[in-house]
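Read the structure below first, then the notes.
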Amino acid sequence: MPTRERENQRDAEEGRSTFTAGILHLQGLSVTIPQQPLKHPRTETLRREEGGAWKEGGETRKEGGGTERECGMEVANTNKGVGAEDWGGWDVDPSQHFAPARTHCHPYGCRKDTPRVHRSPRPSRALAKKTTKDPGHPMWYLTPTSGMLLLVQGVLLTLMVAFVRYNDMADAADEGNNFHPFLRGNNPDDNPATILHYSLVLTLILVLVCPGLKLAPLEDACVSAATNCLLTSCLAFQWAILCRGFIHSKDIIYIDIFSLLEASEVCLGLSVGVWQLLGRTTTLRLVLTSLLYVPLHIATALISTHLKVMDRGGSVCIHSFGAAFGAGLVWGFRGKKSAPKMRITPSKTTQLTSLIGTVVTCMLLSEVWAWKTEGDDHHRALLNTCLACLAAYLTAFPASSLTHPRRKVAVSDVECGLLGGCVAVMGAAEMTMGAWGSVLVGALASLASVLTRQLIVPGVWVSSGGGDGLVVGHGVGGVLGGLVGAVMAAFAREELYRVSVYQLYPALAPLEGSDQLAEINHHFIISPGDARSPAHQAALTLAALVATLTVALPTGVLTGLFLRLPVFGKGDVEDMISDECYWQLPSSPHSPPPPCHDDYQC
């Protein structure tokens, strides 16, 4: 038997394919095929990546040039480690290394057998090369983001050392803290920290924990979004304390527990403002946004303070400003580009987590005004807030069902309606609106928030990357809260509140030295005011709302345009919404990172 026939018979017994004179013999089957040598998949890719040799025109060519007439291996370096993606999508363990393929010479061409797979416990050299650190970056190398964070924290620390001191109630060296209460010392029970301890703890949960729960449904960017939100809040806390101190103090900033509570309001507005950018941009840009937002928020809040507008719940200065700033920020940052579609995890667990986060947020929003009120005002505010939230949750179900073709209810709509009703009543929570009034406000705000999200927002904000349901709840609820505050101010008369109206609206109090002020002070102590009329107070409340929106939208757009500057990196949006680009995830501790195009983050 000729040598070629013996080889074909041996290959047939071993289950390998052979072809002779254009006939392919595969375990008893014969198929006519063109007379050309079989090529290994991805030969060209392996040649370029591994520097192997390849077959061309009957000659074996190498990467560095030259030919070999003898029929050898088509791929010379296939024994180097290659991942599954390098073999055309084959399901191959990257820890395997491949033996060289055997090539048989025939008169009609060369044939190469399938490479033999040998398992090895050690990782391949190619995979090790991908997972090792870049030798050009020494251990002390810092990315621009890390360097920026260290620089900002260093500047904040320097300012704290130079300007910030404890208040008398917190200073251990104060004389009042070194004498017994019987000897005219400070009574520990009267210390503000003892009274407001739980208010501060609940406020910190509201600002630092609840946003992370509401970001759970984001599949690709849940880790980046939650951690960056916490990072910006921690930065804003320190920066807000300093900014408020520089505005209200002359030289030295004396801090106490009230400083932390006031700073938490700025952090809450910041969470609303940067919400739509979480997971869509880099940490560096979020840090810059926080540094710009805090002084803008504090300066805009001075408008309401100067006009003596009552907004203890923050419907105007916190929620309206944050939502309007966020809308302008996204529009300026995205421009006319289509917004990236974040993939939402189709899981009931993540939706339930987000719903729980929204419910906890609504429960803790009362802490924004709880430490500012006392007595019957505090009692009335609790009743109004609870009734409005209950009505808002109930109304969100039919509102969501009306906007869906199959009349089903969406969890995101319920969250939007609940948050909108809770924020709306904050504008006048301590006012005498009655049980029916608080229920009406909650129901109308919930209905307006859901309808706005489903009918108006898709054509306005979604085209620029906005339109998140929670941001819509803050924005619509904040605007309605400002309107409710104006209506309640118009009906703030002494016949309804008696002399308590001058506590709720100090600007309505009589002028100093007037006979009316002296008559009131016979049985109730109040401070002199501006003798405003209720209609005048309502008009100023509307003016504060319009001024806040007028400042928030342009400043948000300018901030977004500023973040688009090339100096802050040219990261691809598709990489921005992936946690794998910037975070070492526990599911794949040794996997190589995906390609990242933002030098300012990677």
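Placed from the backbone N, Cα and C atoms, the Cβ positions cover glycine too.
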Matching range for TrEMBL feature annotation, transmembrane segment, among 313-331, 408-426: 313-331
Recorded stretch, among 195-213, 225-247, 253-274, 435-457, 469-492, maximising Cβ pairs under 8 Å relative to the transmembrane segment (139-164): 225-247
Contact call for the transmembrane segment (195-213) against the transmembrane segment (313-331), three or more Cβ pairs under 8 Å: no
Stretch in 286-307, 352-370, 435-457, 469-492 most in contact with the transmembrane segment (538-563), if contact is a CB pair under 8 A: 286-307
For the transmembrane segment (469-492), distant same-chain residues with Cβ under 8 A (at least six beyond the ends): 214, 272, 275-276, 309-311, 313, 315-316, 318-324, 326-327, 358, 412-413, 415-428, 431, 433, 441, 444-445, 448-449, 452-453, 457, 501, 504-505, 508, 534-535, 537-539, 541-542, 544-545, 549
Cβ contacts under 8 Å made by the transmembrane segment (313-331) with residues that lie 6+ beyond its boundaries: 265, 268-277, 289, 293, 296-297, 300-301, 304, 339, 365, 368-369, 423-429, 461, 464-466, 471-472, 474-475, 477-482, 484-485, 544-545, 548-549, 551-557, 559-560
Same-chain residues at least 6 beyond the ends of the transmembrane segment (352-370) whose Cβ lies under 8 Å from its Cβ atoms: 199, 202-203, 205-206, 210-217, 265, 268, 312-314, 318, 378, 381-382, 385, 389, 411-412, 414-415, 418-419, 422-423, 426, 429-430, 470
